[in-house]
Amino acid sequence: MDFNQVKVINHPLIQHKLTIMRKKETSTVKFRTLMHEVSMLLAYEVTRDLEIEYEEIETPLATMQSPVLKGKKLVFVSILRAGNGLLDGMLQLVPTARIGHIGLYRDPKTLEAVEYYFKLPEHTQDRDVIVVDPMLATGNSAIAAVKEVKALHPKSIKFLCLLAAPEGISNFHGEHPDVPIFTAAIDEQLNDHGYIVPGLGDAGDRLYGTKLAH
(Lines of atoms letter the chains of each structure in order from A and count residues from 1; the text may use other names and numbers.)
(Lines give C-alpha, C1' and ligand atoms only; values in the text may rest on other atoms or scores of the structure.)
Protein backbone atom coordinates (compact mmCIF):
# COMPACT_ATOMS: atom_id res chain seq x y z
CA MET A 1 0.00 0.00 0.00
CA ASP A 2 1.27 3.47 -0.90
CA PHE A 3 1.13 5.76 2.13
CA ASN A 4 2.66 8.77 0.38
CA GLN A 5 -0.79 10.34 0.19
CA VAL A 6 -1.77 9.41 3.77
CA LYS A 7 -1.07 11.75 6.68
CA VAL A 8 -1.55 10.26 10.16
CA ILE A 9 -1.94 13.12 12.64
CA ASN A 10 -0.17 11.87 15.75
CA HIS A 11 -0.74 14.87 18.00
CA PRO A 12 -0.84 13.74 21.66
CA LEU A 13 -4.10 15.58 22.39
CA ILE A 14 -5.81 13.96 19.40
CA GLN A 15 -4.59 10.49 20.35
CA HIS A 16 -5.67 10.92 23.99
CA LYS A 17 -9.15 12.10 23.04
CA LEU A 18 -9.47 9.36 20.42
CA THR A 19 -8.71 6.73 23.07
CA ILE A 20 -11.63 7.98 25.17
CA MET A 21 -13.88 7.95 22.09
CA ARG A 22 -12.96 4.33 21.43
CA LYS A 23 -14.06 3.15 24.89
CA LYS A 24 -17.43 1.42 24.75
CA GLU A 25 -18.52 3.01 28.05
CA THR A 26 -18.06 6.58 26.75
CA SER A 27 -21.45 8.30 26.77
CA THR A 28 -23.10 9.94 23.78
CA VAL A 29 -22.65 13.39 25.33
CA LYS A 30 -18.96 12.80 25.99
CA PHE A 31 -18.43 11.26 22.55
CA ARG A 32 -20.05 14.27 20.90
CA THR A 33 -17.93 16.71 22.89
CA LEU A 34 -14.75 14.85 22.02
CA MET A 35 -15.71 14.72 18.34
CA HIS A 36 -16.03 18.50 18.40
CA GLU A 37 -12.65 18.94 20.08
CA VAL A 38 -10.82 16.46 17.86
CA SER A 39 -12.31 17.94 14.69
CA MET A 40 -10.86 21.35 15.60
CA LEU A 41 -7.41 19.82 16.06
CA LEU A 42 -7.68 17.87 12.81
CA ALA A 43 -8.82 20.99 10.95
CA TYR A 44 -5.71 22.81 12.18
CA GLU A 45 -3.51 20.17 10.56
CA VAL A 46 -5.45 19.70 7.33
CA THR A 47 -5.39 23.46 6.63
CA ARG A 48 -1.68 23.84 7.37
CA ASP A 49 -0.73 24.36 3.70
CA LEU A 50 -3.38 26.92 2.76
CA GLU A 51 -1.99 29.71 0.60
CA ILE A 52 -1.47 33.13 2.09
CA GLU A 53 -0.85 36.58 0.70
CA TYR A 54 0.10 39.86 2.33
CA GLU A 55 -1.93 42.99 2.85
CA GLU A 56 -1.01 46.30 4.38
CA ILE A 57 -2.56 46.94 7.79
CA GLU A 58 -2.15 49.49 10.55
CA THR A 59 -1.44 48.36 14.10
CA PRO A 60 -1.74 50.88 16.95
CA LEU A 61 1.97 51.58 16.45
CA ALA A 62 2.89 51.12 12.80
CA THR A 63 1.98 50.06 9.28
CA MET A 64 3.03 46.56 8.21
CA GLN A 65 2.56 43.85 5.59
CA SER A 66 0.65 41.05 7.31
CA PRO A 67 -0.43 37.56 6.10
CA VAL A 68 -4.04 36.67 5.27
CA LEU A 69 -5.60 33.69 3.54
CA LYS A 70 -5.42 33.89 -0.24
CA GLY A 71 -8.20 33.10 -2.68
CA LYS A 72 -11.79 31.96 -2.26
CA LYS A 73 -13.27 30.60 0.94
CA LEU A 74 -12.85 26.93 1.82
CA VAL A 75 -15.61 24.38 1.26
CA PHE A 76 -16.23 21.63 3.81
CA VAL A 77 -18.28 18.72 2.44
CA SER A 78 -19.90 16.39 4.97
CA ILE A 79 -20.80 12.82 4.09
CA LEU A 80 -24.10 12.40 5.93
CA ARG A 81 -24.86 11.70 8.61
CA ALA A 82 -21.75 11.11 10.70
CA GLY A 83 -19.71 13.68 8.79
CA ASN A 84 -21.77 16.42 10.42
CA GLY A 85 -20.13 15.55 13.71
CA LEU A 86 -16.85 16.94 12.39
CA LEU A 87 -18.30 20.17 11.01
CA ASP A 88 -18.93 22.19 14.18
CA GLY A 89 -15.36 22.01 15.41
CA MET A 90 -13.98 22.74 11.96
CA LEU A 91 -16.31 25.72 11.57
CA GLN A 92 -15.20 27.08 14.91
CA LEU A 93 -11.69 27.22 13.47
CA VAL A 94 -12.75 28.35 9.96
CA PRO A 95 -16.11 30.12 10.42
CA THR A 96 -16.15 31.55 6.88
CA ALA A 97 -16.08 28.14 5.18
CA ARG A 98 -18.92 27.17 2.85
CA ILE A 99 -20.70 23.89 3.62
CA GLY A 100 -21.87 21.08 1.35
CA HIS A 101 -23.64 17.81 2.13
CA ILE A 102 -23.65 14.48 0.34
CA GLY A 103 -26.10 11.90 1.62
CA LEU A 104 -24.87 8.33 1.23
CA TYR A 105 -25.87 5.15 2.99
CA ARG A 106 -24.13 1.81 2.86
CA ASP A 107 -26.17 -1.07 1.47
CA PRO A 108 -25.94 -3.70 4.25
CA LYS A 109 -25.68 -6.56 1.75
CA THR A 110 -23.29 -5.20 -0.86
CA LEU A 111 -21.58 -2.54 1.33
CA GLU A 112 -21.81 -0.25 -1.72
CA ALA A 113 -22.63 3.45 -1.29
CA VAL A 114 -26.10 4.61 -2.34
CA GLU A 115 -26.64 8.37 -2.79
CA TYR A 116 -29.85 10.00 -1.56
CA TYR A 117 -28.88 13.68 -1.20
CA PHE A 118 -26.46 16.09 -2.86
CA LYS A 119 -26.13 19.83 -2.25
CA LEU A 120 -22.92 21.83 -2.56
CA PRO A 121 -22.36 25.60 -2.50
CA GLU A 122 -22.47 27.51 -5.75
CA HIS A 123 -19.12 28.30 -7.34
CA THR A 124 -17.32 25.37 -5.74
CA GLN A 125 -14.97 25.40 -8.70
CA ASP A 126 -11.58 26.95 -7.96
CA ARG A 127 -12.03 26.45 -4.21
CA ASP A 128 -10.14 24.17 -1.83
CA VAL A 129 -12.50 21.41 -0.70
CA ILE A 130 -12.19 19.17 2.36
CA VAL A 131 -14.49 16.13 2.37
CA VAL A 132 -15.16 14.80 5.88
CA ASP A 133 -16.41 11.50 7.29
CA PRO A 134 -15.29 10.05 10.65
CA MET A 135 -14.65 6.56 9.28
CA LEU A 136 -12.86 5.40 6.13
CA ALA A 137 -13.93 1.75 6.25
CA THR A 138 -14.54 0.12 2.85
CA GLY A 139 -13.95 3.51 1.25
CA ASN A 140 -17.03 3.23 -0.94
CA SER A 141 -18.82 6.29 0.45
CA ALA A 142 -15.67 8.42 0.29
CA ILE A 143 -14.96 7.27 -3.27
CA ALA A 144 -18.49 8.18 -4.39
CA ALA A 145 -18.46 11.55 -2.61
CA VAL A 146 -15.09 12.62 -4.00
CA LYS A 147 -16.18 11.59 -7.49
CA GLU A 148 -19.16 13.96 -7.20
CA VAL A 149 -16.95 16.78 -5.92
CA LYS A 150 -14.41 16.30 -8.70
CA ALA A 151 -17.15 16.84 -11.27
CA LEU A 152 -17.37 20.45 -10.02
CA HIS A 153 -13.66 21.09 -10.74
CA PRO A 154 -12.46 22.42 -7.37
CA LYS A 155 -8.96 23.80 -6.93
CA SER A 156 -8.01 20.93 -4.62
CA ILE A 157 -9.61 18.09 -2.63
CA LYS A 158 -8.56 16.52 0.66
CA PHE A 159 -10.28 13.75 2.61
CA LEU A 160 -10.38 13.95 6.41
CA CYS A 161 -11.41 11.18 8.82
CA LEU A 162 -10.89 10.02 12.40
CA LEU A 163 -10.10 6.38 11.63
CA ALA A 164 -9.10 4.54 8.46
CA ALA A 165 -8.84 0.86 7.60
CA PRO A 166 -6.05 -0.38 5.31
CA GLU A 167 -8.72 -1.75 2.95
CA GLY A 168 -10.41 1.64 2.76
CA ILE A 169 -7.17 3.46 2.04
CA SER A 170 -6.30 0.98 -0.70
CA ASN A 171 -9.75 1.18 -2.30
CA PHE A 172 -9.89 4.97 -2.06
CA HIS A 173 -6.49 5.55 -3.62
CA GLY A 174 -7.25 2.96 -6.27
CA GLU A 175 -9.92 5.40 -7.50
CA HIS A 176 -8.50 8.74 -6.34
CA PRO A 177 -4.70 8.49 -6.10
CA ASP A 178 -4.43 12.28 -6.30
CA VAL A 179 -6.49 12.99 -3.16
CA PRO A 180 -4.59 12.99 0.15
CA ILE A 181 -6.09 11.33 3.22
CA PHE A 182 -5.73 12.89 6.66
CA THR A 183 -6.58 10.62 9.60
CA ALA A 184 -5.96 10.33 13.33
CA ALA A 185 -5.23 6.58 13.11
CA ILE A 186 -5.01 3.59 10.80
CA ASP A 187 -6.56 0.52 12.44
CA GLU A 188 -5.99 -3.17 11.79
CA GLN A 189 -8.74 -4.29 9.42
CA LEU A 190 -12.44 -4.53 8.60
CA ASN A 191 -14.71 -7.20 10.06
CA ASP A 192 -17.30 -9.17 8.09
CA HIS A 193 -19.83 -6.36 8.55
CA GLY A 194 -17.51 -3.72 7.12
CA TYR A 195 -16.72 -2.09 10.47
CA ILE A 196 -13.22 -0.93 11.37
CA VAL A 197 -11.52 -3.12 14.00
CA PRO A 198 -10.67 -2.31 16.76
CA GLY A 199 -12.31 0.98 15.77
CA LEU A 200 -14.87 2.78 17.89
CA GLY A 201 -18.13 1.27 16.65
CA ASP A 202 -20.51 3.13 14.36
CA ALA A 203 -19.55 6.80 14.62
CA GLY A 204 -23.01 8.03 13.64
CA ASP A 205 -24.78 5.82 16.16
CA ARG A 206 -22.43 6.84 18.95
CA LEU A 207 -22.68 10.50 17.98
CA TYR A 208 -26.48 10.59 17.86
CA GLY A 209 -27.32 7.93 20.46
CA THR A 210 -28.92 5.47 18.07
CA LYS A 211 -28.54 1.72 18.29
CA LEU A 212 -25.68 -0.05 16.52
CA ALA A 213 -27.20 -2.34 13.93
CA HIS A 214 -25.38 -5.12 12.07
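Placed from the backbone N, Cα and C atoms, the Cβ positions cover glycine too.
Taken straight from Swiss-Prot:
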type    : residues                                                                                      : note
BINDING : Arg81, Arg106, Asp133, Pro134, Met135, Leu136, Ala137, Thr138, Gly139, Asn140, Ser141, Asp202 : 5-phospho-alpha-D-ribose 1-diphosphate binding site
BINDING : Ile196, Gly201, Asp202, Ala203                                                                : uracil binding site
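Features per Swiss-Prot, on structure.
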{"residue": "Arg81", "record": "5-phospho-alpha-D-ribose 1-diphosphate binding site", "Cβ contacts under 8 Å, 6 or more apart": "Gly103, Gly204, Tyr208"}
{"residue": "Asp133", "record": "5-phospho-alpha-D-ribose 1-diphosphate binding site", "Cβ contacts under 8 Å, 6 or more apart": "Ser78, Ile79, Ala82, Gly83, Leu86, Ser141, Ala142, Ala145, Phe159, Leu160, Cys161"}
{"residue": "Met135", "record": "5-phospho-alpha-D-ribose 1-diphosphate binding site", "Cβ contacts under 8 Å, 6 or more apart": "Ala82, Cys161, Leu162, Leu163, Ala164, Ile196, Gly199, Ala203"}
{"residue": "Ala137", "record": "5-phospho-alpha-D-ribose 1-diphosphate binding site", "Cβ contacts under 8 Å, 6 or more apart": "Ala165, Glu167, Gly168, Leu190, Gly194, Tyr195, Ile196"}
{"residue": "Gly139", "record": "5-phospho-alpha-D-ribose 1-diphosphate binding site", "Cβ contacts under 8 Å, 6 or more apart": "Glu167, Gly168, Ile169, Ser170, Asn171, Phe172, Glu175"}
- Note on the structure: DSSP says Ile196 (uracil binding site), in three-state terms, is strand
- Secondary-structure category, per DSSP, in which Gly139 (5-phospho-alpha-D-ribose 1-diphosphate binding site) falls: coil
- Query: By a simple count of other Cβ atoms within 10 Å, which of Ile196, Ala203, the binding-site residues in the record, is least packed?
  - Reply: Ala203
- Item | Cβ-Cβ neighbours of Ser141 (5-phospho-alpha-D-ribose 1-diphosphate binding site) (radius 10 Å) | 28
- Would you identify the secondary structure of Ala203 (uracil binding site) according to DSSP, in three states? helix
- Message: I need the most crowded of these binding-site residues: Gly201, Asp202. Count other C-beta atoms within 10 angstroms of each C-beta and give me the top one.
- Response: Asp202
- Sort Arg81 (5-phospho-alpha-D-ribose 1-diphosphate binding site) into helix, strand or coil using the DSSP assignment. coil
